[in-house]
Amino acid sequence: MAKTEQDRLKKEAAEKAASMVKSGMILGVGTGSTVAFFIDALGKRKDNDGLKLKAIVTTSNRSKNQLEGLGFKVSELADVDQVDLTVDGSDRVADNLDGIKGGGGALTLEKNVAINSKKIIWIVDESKLVHRLGGFPLPVEVLPISCEQNFKRFKQEGLKPQWRMDSDKRYITHYGNYIIDLAADPVPAPHGLADYLDHTVGVVEHGLFLDMCDEVIIAHSDGTIEDKIK
């Protein structure tokens with residue numbers, strides 16, 4: 001799919017999601033190229049419809065800067081009550097609405113916002129859809145002190161670990177940690193793998209977002225917009 005066509009689909013899905021935001025909400029805003037279109041659509045709603053939000057929290061400085069550039073005030077997650085709605089993208093979405101996220105490296109904050117949200121909507125184009133989770137590296141954020149042992153253990157488990165790189169150096173997250181991308185495809189037993197990672201010393205967070213998403217807005221190449229609701 002050509003990038004211009006993919007961007008058109010992302011914009012359509014983002015505008016659909018923006019139409020569902022209501023004044024007075026505490027809104028969570030995610031990270032990524034699709035979310036950038038969503039933020040632009042929010043700005044238009046503020047200017048044209050008088051949209052006024054109680055608070056906004058974001059999962060990246062990129063989204064924060066874009067929102068502030070459009071006149072929105074951005075709060076810290078710790079300073080708000082439960083988030084009413086979070087709109088985010090997803091790197092892959094399975095038939096049951098489970099997802100892989102964190103391709104941009106912000107998985108820890110993304111998950112913290114998600115678990116503090118009453119409702120979660122993901123906006124994607126059809127290229128992100130899979131029957132079973134896979135087709136995209138699964139990011140695992142790890143502490144530097146234990147990262148080498150984590151890498152060896154993941155390799156022994158057959159999870160095909162790879163270091164996330166930034167040019168010729170290991171990628172460093174917002175929290176000063178490293179990311180190990182697991183290339184096992186498809187993801188073996190997602191719930192079992194999530195439990196394994198949750199109980200592995202040195203793992204800060206992983207990109208399996210299971211039983212979290214309530215709705216996915218999908219832009220298809222034929223121009224249709226599909227709503228999938230759990």
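The backbone N, Cα and C atoms fix where each Cβ goes, and this holds for glycine too.
Sequence annotations record features per position, and here Swiss-Prot assigns active site, proton acceptor to E110. Remark: E110 (active site, proton acceptor) has G30, T31, T59, D88, K101, G102, F209 as non-local neighbours, by Cβ distance under 8 Å and separation of at least 6 in sequence. DSSP assigns E110 (active site, proton acceptor) to a helical segment in the three-state reduction.
According to its DSSP assignment, T31 (substrate binding site) is coil. The substrate binding site annotation in Swiss-Prot covers T31, G32, S33, T34, D88, G89, S90, D91, K101, G102, G103, G104, K128.
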Inset, instruction - Can you check which residues sit near S33 (substrate binding site), meaning Cβ under 8 Å from its Cβ, same chain, 6 or more apart in sequence, and list them in order? - result: D7, K10, G89
Legend entry - C-beta crowding around S90 (substrate binding site), within 10 angstroms: 28
Inset, instruction - Within 10 Å of each Cβ, count the other Cβ atoms, then let me know which of the binding-site residues K101, K128 comes out lowest. - result: K128
Legend entry - Residues close to substrate site centre defined by T31, G32, S33, T34, D88, G89, S90, D91, K101, G102, G103, G104, K128, Cβ within 8 Å: G30, V35
